[in-house]
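There's a structure below that I have some questions on.
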Amino acid sequence: MTSGPFFFCVFIIGRYFTLGNAQDVSCPLGSFPCGNISKCLPQLLHCNGVDDCGNQADEDNCGDNNGWSLQLDKYFANYYKLTSTNSIEAETSECLVGSVPMHCLCRDLELDCDEANLRAVPSVSSNVTVMSLQWNFIRTLPPNSFRKYHDLQKLCLQNNKIRSVSVSAFRGLHSLTKLYLSHNRITFLKPGVFEDLHRLEWLIIEDNHLSRISPLTFYGLNSLILLVLMNNALTRLPDKPLCQHMPRLHWLDFEGNRIHNLRNLTFISCNNLTVLVMRKNKINHLNEHAFTHLQKLDELDLGSNKIENLPPNIFKDLKELSQLNISYNPIQKIEVNQFDYLAKLKSLSLEGIEISNIQQRMFRPLINLSHIYFKKFQYCGYAPHVRSCKPNTDGISSLENLLASIIQRVFVWVVSAITCFGNIFVICMRPYIRSENKLHAMSIMSLCCADCLMGVYLFVIGAFDLKFRGEYRKHAQPWMESVHCQFMGSLAVLSTEVSVLLLTFLTLEKYICIVYPFRCLRPRKCRTVAVLIFIWITGFIVAFAPLGNKEFFKNYYGTNGVCFPLHSEDTGSTGAQIYSVVIFLGINLVAFIIIVFSYGSMFYSVHQSTITATEIQKQVKKEMILAKRFFFIVFTDALCWIPIFILKFLSLIRVEIPDTITSWVVIFILPINSALNPIIYTLTTRPFKEMIHQLWYNYRQRRSVDRKGTQKAYTPSFIWVEMWPLQEMSTEFMKPDAFTDPCDLSLVSRSSRLNSYS
């Protein structure tokens, strides 16, 4: 923005191409032609980086070159062609401005004094046409600083330390067309400071400290086309005709200021304005007639402000508008007919806006719309006539499939099958393992039921992925708002929280039995049943509470296609964010810490009790087995929960997380415990392994009998005794005759528990 060649390059790159003869081909709604051939492709295959048409037509014209790039084409192309031709013809390497200051360079009538340690404007020949004084130490521009330079056309004063500009500093610069004052410390410009600059076309005052302006500030700028006031400290614009003395102004840029509202009279005289940029301000209110007189406006950028409400007729008079950006505003509601008058609109940006009442009717009048940008890719289904809709995916789903990745589509079934089969198998086999501690068995059965719900959740997600295969964009938003999605999300959270609480309870039970074997702390039947009921009730409350208060939680489970609320920040509800943090960084994190501490204490306690044992080598071996088992339990918990803790913490501090992470967490990380708990707590335990060995032994015995026909097989009971924990075993069974001392009994008790892990 600081030189002509830059804008010329932007113009060349941003040229607009039409679609050729594509309009001659008739395609169904949601599909678009492949250039001048009769082939049609759906919206999702256009501008995806792949030549799906075969003639590259689906990848042509994908750039959004509407708005300011077209204005460069219209207003500056011919000018640069003419000036560049003249400069080539007249170019010479000889210096024609006489003597120049030290550290300065001269060529033809151009003076380059960049980084020359200047503290004032140098004095050179009056015929100089270009003067660049960038990166110096000029602090003030006194009166008549440039008065003798009548032929000066371009003046660059960027990156100095200018604080004060005299009202007559630019007097006499009747030929000046471009003035750059960017990156200085200017706080105020007096009325009439540009009075003599009748030919000035570009005025760039970017990155200064201007706090106020008035129409008189720009008095005399009759030829001004481009005015850039980016990144200043303006808090308001005058409620007077700002363009009163700039009748030819086409481009006005106020990006990065602190403007709070736009008044009705501010732009009343800006009849020729084609580009208005107001992004990154603090605008929270728009008067309904603020843009009424901008009937030639081609681009309006109101992005990244604090606008909550759009007046119904705010865009009514913008008949020529081709690009509109209202993204990243906390807009509460967009009227169905909000864009009805924007028939020429080609690009619409609605990123970062939750459109609760979205429908096709909103965008149907926008017959020329070629690019649209949403917060959620699911909204693209409501603009099927728009060729380029972004984003194409949220990292989990795509316009085509609920699960975007083929790996996820396959493994959702694999993980679901493993989880369901493993837990159902344990539930079915548990009655055949007669546990001396029925309360422990009851807890394990309850854990399997909770883990099985995770498998059901994954199964349903896989089923709906199959149902929507190839046309998910049509069903995306209704699916995420549906009762099915809300219920399955609740089921996943119920499974997760009940599993977490049950694992914590089982761990504390083991901890008490091993570390305090002779204290009366063991839960009885009524107490255990009460704890299990309490855990399930708590899980139901945590999981289903968001469904009971939509105003507080918004669409808590419907922020993504898999219906899991890992990133509750997407809901736009502070309450939902706090609730999610309490669950993932409160309940679950505390539970994980308790489990790690308890298993560490258990291992230490068993290790201390076996130091005095006579069979040291046996005890060391048993300790190693115990250590491995404890490590595996803690490791699987850590593998499941630590990534979730990290992701939740990063999202809480607003660190950008790749969109694809959520789906991988839900399908591969979250079900780890649900899939492995049956293995850890049943299938690898000593009673179960002994039962399997006994079944194999019986099978071999029967085969032997069948072969011999005479020998009768010994067939023990199919029911096996589970040896751990030994809470309900009789005293006679627990206490050997050789030990009568409580300390020795403690050793035996702990050793018995140690044996049960092997």
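Going from the start of the chain as shown, residues are counted 1 onward.
Each residue, glycine too, has its Cβ placed from N, Cα and C.
Among the features that Swiss-Prot reports, disulfide bond is placed at Cys27-Cys40, Cys34-Cys53, Cys47-Cys62, Cys485-Cys563. As annotated by Swiss-Prot, domain 'LDL-receptor class A' applies to 26-63. Among the features that Swiss-Prot reports, repeat 'LRR 3' is placed at 149-172. The repeat 'LRR 5' annotation in Swiss-Prot covers 198-220. Summarising the annotation, Swiss-Prot assigns repeat 'LRR 7' to 246-269. The feature topological domain 'Extracellular' is assigned by Swiss-Prot to 1-408, 465-486, 549-577, 651-660, with sequence analysis given as support. If you look up Swiss-Prot, you'll see 409-429, 444-464, 487-507, 528-548, 578-598, 630-650, 661-681 marked as transmembrane segment.
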I want to verify one value. Collapsing DSSP to three states, which class is Cys563 (disulfide bond)?
coil
Across the topological domain 'Extracellular' (1-408), what does the pLDDT come to on average, as a whole number?
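That stretch averages a pLDDT of 85.
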Cβ neighbours within 10 Å, counted over all protein chains: which one of the disulfide-bonded residues Cys27, Cys485 has the most?
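Sorting the candidates by Cβ neighbours within 10 Å, the top entry is Cys485.
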Out of Cys34, Cys47, Cys62, Cys563, which of the disulfide-bonded residues is least crowded by other Cβ atoms within 10 Å?
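Candidates: the disulfide-bonded residues Cys34, Cys47, Cys62, Cys563. Fewest Cβ atoms within 10 Å: Cys62.
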So which residues does the transmembrane segment (444-464) touch in its own chain, when a touch means Cβ under 8 Å and the partner is 6 or more beyond its ends?
402-403, 409, 412-413, 415-420, 422-424, 426-427, 430, 479, 484, 488, 491-492, 494-496, 498-499, 502-503, 506, 532, 535-536, 539, 562-563, 667, 670-671, 673-675, 677-678, 681-682
When only pairs 6 or more apart in sequence are counted, do the transmembrane segment (661-681) and the transmembrane segment (578-598) reach 3 or more Cβ pairs under 8 Å?
no
Need this for a regression test: disulfide-bonded residues Cys47, Cys62, Cys485, Cys563, filtered to those with Cα within 10 Å of Cys34 (disulfide bond). What's left?
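Near Cys34 (disulfide bond) by Cα: none of them.
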Give the residue from the disulfide-bonded residues Cys40, Cys53 that has the most other Cβ atoms within 10 Å of its Cβ, counting over every protein chain displayed.
Cys53
Within the topological domain 'Extracellular' (651-660), how many residues are helix, strand or coil going by DSSP?
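When I sort the residues of the topological domain 'Extracellular' (651-660) into the three classes, I find 2 helix, 0 strand, 8 coil.
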In whole Å, how far is Cys47 (disulfide bond) from Cys53 (disulfide bond) when you measure between their Cα atoms?
11
Just to verify a number: CA distance, Cys47 (disulfide bond) to Cys27 (disulfide bond), in angstrom, no decimals.
17
Which residue counts does DSSP yield for the repeat 'LRR 5' (198-220) in the helix, strand and coil classes, in that order?
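Per-class counts: 4 helix, 3 strand, 16 coil.
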Determine, to the nearest whole angstrom, how far the Cα atom of Cys563 (disulfide bond) is from the Cα atom of Cys27 (disulfide bond).
34
